[in-house]
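Let me begin by presenting the structure, written as structure tokens, before commenting on it.
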Amino acid sequence: MFKESFKYYKSKWPVPDFKDVINFSGQGSDEEVKEIHLSDCEDFASLGLPLGLQPVHHWKLFTLNNRPGLVVIRHAFTAQGQRYWMARSLRDYPRTPNRVNLNERLFQKSVLDDWWSSLQNCADKDEARRMKISMRWTTLGYHHDWDTKIYSEELHTKFPEDLAKLSKFFASVLGYSFYEAQAAIVNYYPIGTTLAGHTDHSEQNLEAPLFSISFGQTAIFLIGGQTREEKPTALFLESGDVLVMSRESRLCYHAVPRVMKAREETWNTLIEPPSKSSKESSLEPPVQPNKRLRTEVPCITSTDTQAALEWGMDPILYHQVTDDIFWSPFKSYLHDSRININVRQVLYENQRTLIDDICGS
């Protein structure tokens, strides 16, 4: 059943009918989708708010009645926030010492060490295209060994502070008092590529949620049961969506059979920030359609710089992404590609390394 659904939505001809794909925008019966509301009593203001995120009360949270443990968060990111994480995923995360999928026999060491810089400096169009479509993943923190399907203490580098704090913020809002991002895989999907059905079971701690953040073009995501015999549910994941897999859904088969053009490239629409008199003066307002792109880079305020540093973010990059010239190569890449950041907690709360037992002895 899972393979049949995967083949159906992957098909280039005939083009599949998308009427049964849940988009969390009014389509889908009440039997399938339930919107959940965060407690009005919860003091999310005490958590602070990372730059590039909408205030929590703007978020839309959904669950699927037949997929317990699965949560989809929409409208969490501003357009500028989307751009920041896209730029981090393309420019910074594939750099050494992080690992990438590129084959050392097919690419020079300079490409393996700094793929994005090499791509931008490549004058050969055919070689640049080969370089672009060959990049499929980079791993952060604990690096997964694809041969043994396990993590090891030897394959371990520093996890990005900004991504760790962003993930912890999402976890805190959802009620996970202890969460530490320790491993991530960033996937790069040109339109037309897929990810076959699989489960994520390499982490020791399967009680912690998995955060999957989508940027760029739209994907169809399949989520099934714990065997391939169960028919999966299909849903659209759009730029800025956060899919959370916890509890029962943590060991369910899932896949990406199709990457397709987005209905609207929300990350390319920036609007002027509110006046300083606004209560949310340091936050970019919600994305609105049909607004002209801002062409001048605003000055970097001390408030924004301080906020960025508190969340481990790069304040210069956060403002650079609003500049058309700086953003141009990222825009070109994302015109036909999707980025997916999957963040996991590997260890239990009282573990410090993989070789520690759960009691910490």
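Including glycine, each Cβ sits where the backbone N, Cα and C put it.
Per TrEMBL, the feature Fe cation binding site maps to His198, Asp200, His254. The domain 'Fe2OG dioxygenase' annotation in TrEMBL covers 177-273. Taken from TrEMBL, the feature region 'Disordered' covers 271-291.
When each of the binding-site residues His198, His254 is scored by how many other Cβ atoms sit within 10 Å of its Cβ, His198 comes out lowest.
Apart from His198, Asp200, His254, the residues listed for Fe cation, the same chain places the Cβ atoms of Gly197, Thr199, Cys252, Tyr253, Ala255 within 8 Å of the centroid of those Cβ atoms.
In sequence order, Leu210, Met245, Arg250, Leu251, Asn342, Arg344 constitute the residues six or more apart from Asp200 (Fe cation binding site) in its chain with CB-CB distances below 8 Å.
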